[in-house]
Structure formats: C-alpha cells, structure tokens
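Residues or ranges marked as transmembrane segment in TrEMBL: 7-27, 33-49, 56-82, 102-123, 154-180, 200-218, 230-249, 261-285.
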Amino acid sequence: MKTRKLVYGAMIAALVGVISLLNSYTAGTFDTLIGYFMVIPFAWYGYTYSLKDNLLVAFASIIIVLFTGLPTFLIIACYAAAFGTFVGECLHRQASKATMLLGGLIISFVVNLLEVTILAKIVDINMTRDMTSAYNSIINYMPQMKKTISLSQFLNLIPMMILLLSVMECYVMLGITQIVMLRLKVPFPANFHIATFNMGKPFAIMAAIVFGISMFYLQKYQLKNQVANYLYYGSFLLFAVQGMSFLAFMMLCYNHPKMPALLFILFFIPMVAQLYALIGAFDVFTGARQRLYNNITKGG
C-alpha cells in the first residue's frame with residue numbers, strides 16, 4: 001500500500017513536470033486550460049490518501065515546475081495544486097458541497113486577487129490600465145455614458161470582475177473534476193447550484209470585519225490604497241452573493257427553478273447588489289435560510 005502511494009505520487013509529480021516542459025515549448029499557449037485539468041490528479045490523490053501525502057506531492061510538483069516551467073505556469077501550478085488539494089480533502093472527509101463550493105471560490109478569488117496585485121508584474125496584468133482603456137473606448141462610441149458612470153466608478157467594478165471570474169473558474173474546475181471523478185467511481189456532489197452557497201456565520205464575521213476595516217481605511221485615505229479597495233469590494237460582494245444564494249434557495253423552495261437565473265441579470269442594476277448584500281447579511285447572521293427550510297418542511 002505504501003509502495004503504491006509513493007508510485008502514484010511520483011507519477012503525478014512527473015506528469016506535472018512533463019506538462020510544464022510541453023507548456024514551455026508552446027510558449028504558454030494553453031497554460032490556463034492545462035491548469036483546469038491539473039486539478040484532477042491532486043483531487044484524486046487527496047481523496048485516496050491523507051492530506052499530508054497530498055501536500056508532499058503538491059510541493060514536489062511545484063518544485064519541479066519551478067525549475068522546468070515559465071513563471072506564469074508556476075502560478076497556475078500553485079493554483080491547481082491548492083484547488084485540487086482542497087477538493088481532494090473535501091472528498092476524503094465527505095464534506096458538503098456547500099463547503100467545497102465556498103472553499104473553492106475563496107481559493108480562486110485569493111489567487112486572482114494576488115495575480116492583479118502582488119503578482120501583476122509576473123503575469124503582465126494591469127487591471128487599472130486595461131479598464132481605463134476599455135472605459136475610453138466605450139466613451140468614444142457612447143459619449144453619453146460619461147454622464148452615467150465616471151472613470152473612478154468604472155474602476156470600482158474591478159473587484160466585481162475578479163469575483164465573477166473566480167466564480168466561473170471555480171465552477172469550471174469543479175465541473176471538470178466532477179466528470180472525471182465520477183468516471184473513476186469516486187463519490188462527488190451531484191451539482192453546484194448558486195442556492196447551495198452559504199459562507200456560514202464564522203466566515204461571515206471575518207468578512208464583516210474585513211469590510212469594516214477596509215471601509216474605514218478607504219474613507220481615511222480617500223481610496224488611495226488598491227489592496228484595501230479590493231478587500232472592501234471583495235468582502236461586500238461575498239455578502240451580495242450570499243444574498244443572491246438565499247433568494248435562489250427561496251425560489252427553489254417555492255418551485256420556481258428558472259427564476260434564479262434572473263438574479264444574475266439583476267445583479268448589474270444599480271443598488272440591487274447593495275440589496276443583495278443586506279439580504280445576505282440578514283440570512284447568515286439570523287439563520288433565515290434554515291428557518292425557511294424548516295417551515296417549508298413542516299408545512300409540506
């Protein structure tokens with residue numbers, strides 16, 4: 001058993017090394033797509049063996065990429081290893097799909113946040129520059145938009161874009177992993193509906209603290225700190241997603257399965273996101289979702 005564990009771990013590390021070399025030869029053309037599939041071996045190994053074993057394999061794989069891959073692929077490998085290790089541990093412990101979804105979203109958001117801040121020079125990303133260029137292009141075609149939304153307001157959408165990107169990446173990686181794991185006869189949650197998202201009270205308290213501190217900091221220094229700006233909008237959007245999840249859950253409970261899709265469209269209407277955030281805070285701090293479920297269960 002121990003020999004098999006070592007062999008499988010070595011095979012995963014070697015596979016990552018080969019993929020890293022091939023990615024270097026193709027100048028990183030498919031690195032993002034490859035990263036989505038790299039989650040699978042770490043998730044499988046984490047499900048089959050212990051967290052300690054999976055962390056050792058992930059560390060060895062990252063060291064190999066450090067010496068064989070491009071700098072951008074190193075970040076992707078770390079991302080895939082972290083995401084896959086977390087999913088594997090969730091499967092190993094038979095954690096709920098809500099836990100898997102929330103944890104995966106947090107990992108995805110943190111990595112994307114690091115890419116546009118601390119690691120921006122490595123991956124050659126400048127969100128402020130790109131968003132400013134996009135804003136100017138929009139204004140050139142629709143000058144009247146300048147009266148509706150200013151450049152500073154447009155730049156404040158960056159955290160929302162990062163969160164939406166994180167949600168999409170999280171769903172893609174979970175979906176790909178789910179398909180392969182079910183083929184391997186590994187039990188995997190059936191679906192990841194937005195209604196299953198629930199960050200829980202402990203995490204909500206931390207998010208509220210981050211929101212309060214970052215808001216105080218931004219008001220004191222007049223929006224001059226980019227990281228604080230991201231933390232402010234990121235924590236706010238977590239509550240907004242929580243509220244959207246609660247509303248989707250409520251619609252499903254009352255037999256309106258197609259209505260949750262409308263919530264995503266309404267999200268971009270001014271003041272609706274703030275309403276979602278208030279509903280999300282109410283839900284997570286009062287246990288409204290559980291009470292709703294209990295009432296419907298008793299009534300049904």
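In case you wondered, yes, glycine gets a Cβ from its N, Cα and C as well.
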Message = Counting only residues 6 or more past its boundaries, what in the same chain has a CB within less than 8 Å of a CB in the transmembrane segment (200-218)?
response = 102, 225, 228-229, 231-232, 234-236, 238-239, 242, 281, 284-285
Close approaches to the transmembrane segment (56-82) from elsewhere in its chain (Cβ under 8 angstroms; 6 or more beyond its ends) = 9, 12-14, 16-17, 20-21, 23-24, 28, 31-32, 34-36, 38-39, 42, 45, 107-108, 111, 115, 119, 122-123
Inquiry  = At a Cβ cut-off of 8 Å, and with pairs 6 or more apart in sequence only, do we get at least 3 pairs between the transmembrane segment (102-123) and the transmembrane segment (7-27), yes or no?
reply    = no
Remark   = Per the Cβ under 8 Å criterion, with at least 6 residues separating them from its ends, the transmembrane segment (261-285) contacts 160, 194, 198-201, 204, 208, 236-248
Key: Beyond the flanks of the transmembrane segment (33-49) by at least 6 residues, Cβ under 8 Å   = 5, 8-9, 12, 15-16, 19, 23, 57-58, 61, 73, 76-77, 79-81, 83-89, 91-92, 169, 172-173, 176-177, 180-181, 184, 186
